[in-house]
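Here is the structure we will look at, set down as structure tokens.
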Amino acid sequence: MGLTPMMRQYMEIKENYKDCILFFRLGDFYEMFFDDAKIAAAELELVLTARECGLKEKAPMCGIPYHAAKSYIGRMVNKGYKIAICEQLEDPAQSKGIVKRGIIKVITPGTYMDSYFLDENENNYIMCLYINNNEGSNCALCFADISTGEFNCTDTPFNLSVILDEICKFNPREIIIQEDIDSNILQGIVEVFNETFSRVDECYFQKGEEVLREQFKDLNLREYTPEIIKCGGALVKYIKHTQKTNLSHINKFQYYNIVDYLTIDINSKRNLEIVESLRESKKKGSLLGVIDKTNTSMGGRQLRKWIEQPLIDRNKIMERLDSVEEILNNICYHEDLKEALKNIYDIERLAGKISSKSVNAKELNSLKSSIEKIPDIKVILSNFETSLLKNMYKNLDELKDIYMLLDKAILDNPSVSLKEGNLIKEGYDSEIDRLKEAKVKGKDWIASLESSERELTKIKSLKIGYNKVFGYYIEVTKSNLNLVPEHRYIRKQTLSNAERYITPELKEMEDKILGAEEKLIYLEYNAFVEVRDKVEKEVTRIQNSARIISEVDCLTSLARAALENNYCKPEITLSDRVYIEEGRHPVVENMLSTGEFVSNDTDIDTGENQLLLITGPNMAGKSTYMRQVALVTIMAQIGSFVPAKSASISICDKIFTRIGASDDLASGKSTFMVEMWEVSNILKNATNKSLILLDEVGRGTSTYDGLSIAWSVIEYICRESKLRCKTLFATHYHELTKLEGKIKGVKNYCVSVKEVENNIVFLRKIIRGGADQSYGIEVAKLAGLPEEVLKRAREILNSLETEKTEESMEGTNLPKKKKEEKTSSQGEQLKFLDIEKENLINEIRDIDILNMTPMEGFNKLYDIIKKVKSI
């Protein structure tokens, strides 16, 4: 037995789309077969059935109505699946044999354009990564959002950390990679990003110049590296392959240099809760959640980009700050802008729908009503004097011609469907007007006929109706059948309580009305397409106006946040000093009642105040303080006012954090190993213009090991000539406070604590000097540990504090509980340990530390620590 002709057609199409769920159109349904059916039935909670396919066993099958496909497709795509839409390409009634079918679109997580399933305040990026294995290790990354037309490219010498940081910045839903990508590189990406990966053949990376020139007119490819051309070309090819159409709104090839923006690595972005909270992964509880007061979807997405890519160009930062200040100082214009922006729809994504020819008449009206507000925005902008706002006023296109076209052509309340008519206004097309009049007159004639037939037949309940199957009919209830004029009425349909008839004159008018309606629908559709195509030719103008509006919205949002939260305008300096007077954590402050947050000063540079060594108990506020310094810096560099009484910020190129501890069990890495890798990454990649936050370095191992590592890291940061960057270093190792005065740049600070009736009160104030004790047991008491545990902890602490601080851990004798006896084997164990210790000491003595890199040093240290733990 062989496959049936229809199933053979299915298998031939499926062969070319193996990585997709194939939605195969059969009549009014999309059907799925075999493994696709099993997957879809499970994911969409559909009934799994079977169908004869010509084989011994039936083919598993499930299906969905084609008119409800949108919601099912959205659910599958959001789960990471790709959907290939296979349509009937000819009328089944007219075809001979198997209906011709073909793929009209492939919908993937990175190419989905349905606004119902997209987050309006977040871009839906698809990314392509290309690594050149032949010429060194250069690579290129390209990111596109086909819902808005955005297309960004960059290149860099290969560095997995840099690649991961860029991916994290754009957060793509789908990543296109080479078929032969190095498995270790892929594993490194997969460990961090659990997104859809699409492997493509090498042919996608060929003829990139030709592909890019066709998509981006007047693009000078000589400005770009071969890696960018291959990467960008592959991404355009993939988009065209899946969308099966040219997308004119993807028209701006935007190159950016990674070093033109403040780099915030993955760990820092997460620890600082920049765009989402650490606990719930939501906007609320993040920096973005505090300062996002935007009124449009476009503005929300733009502000997110600003936060992901803070500036390092002082002039650009000052342009934004000056604009925010001017908006803030003109409260009336501020409110007027807010009101005008509130009524603007998502112009960027509407332009994308126009370009992809998926826009409907109601959405064109949304564009029209948005354009209607642009003159109001332009009038408000004319009142400002700062250079950025003046340029926005100058370049904002009011799009009056597009508004006039849409206002003249599209009905105020049109049909959603383009195949039902009711789209075009009276006066736009004379033939459409004539047919509409004929349609109205025909229906008036029907109403008149109904009235006259009631008169003639004396049947008061007689009525004329219509349905798509039988057309127009005269309906008479069975109780009145004796009054029917059988010589004129022709029976059409019998119902349980009525009969339906037609007459020759009714049939004649039906042909006229339906003919007019069919032609009217056809003409209205064509007129709509004509209008849409005219608007599509102006997509670039629409996008430029949308971009300006989104940036105005961002500046207005930052002004609103500054007003509501009492922020100050920071001074942006070219020095190496950061001075913050009465600084506050923007997110924590936002969660407390007004006035509850305790502000703190910060004075840090690359000279005498290079490394602030912060001691104090847990829960006292060390981490909050360190994070607020980083967040104030980020806010200043996006052009925002900052939570402080005053602030002078030197421009930072990178921010690194080592905060918190967690095992990476999936990769077999302990807390300490993860910590050491992160510290190593910081020391290798930081520059003298970076800001480093280190919290409890060394806590993942034994006390003296951790102390030694922390001490060594401080020395390296302060003494390495290429580093010497601004650093906040929180620690429990009070011994480190001795470094002030011994290592240039180290300054001791602590969190003040007050004891009241044997209880501690955290004052949250950062003051000069080191902490005299850690208050760890008091914190444990606050956490509710049993009194027996606390009592025993105090006994041990008192014993430890009486011993010499120089004494090694091996020689420390912890106090034993009462009635506890020593084991008889301890003496023998100590003799064996002495030999092991001697060997380890000799190994350490032979280490040539001056000829080791930081990473080699950490690896050697890790080996030593493992040996110590085994002794």
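Even glycines carry a Cβ here, placed using N, Cα and C.
Copied over from Swiss-Prot:
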BINDING   GLY616, PRO617, ASN618, MET619, ALA620, GLY621, LYS622, SER623  ATP binding site
REGION    801-825  region 'Disordered'
In the chain carrying LYS622 (ATP binding site), residues 6 or more apart in sequence that have Cβ under 8 angstroms from it: ILE614, GLY616, ASP695, ALA730, VAL751
Shell of the ATP site beyond GLY616, PRO617, ASN618, MET619, ALA620, GLY621, LYS622, SER623, same chain only (C-beta within 8 angstroms of their C-beta centre): ALA730, VAL751, PHE762
Nonlocal residues around SER623 (ATP binding site), in sequence order (Cβ under 8 Å, 6 or more apart): ILE659, ASP695, ALA730
Number of other Cβ atoms within 10 Å of the Cβ of ASN618 (ATP binding site) across all protein chains: 19
Which listed residue (GLY616, GLY621) has most other Cβ within 10 Å, given these are binding-site residues: GLY616
Sparsest-packed of the listed binding-site residues (PRO617, MET619, ALA620) - C-beta count within 10 angstroms: MET619
For GLY616 (ATP binding site), the three-state class that DSSP assigns: coil
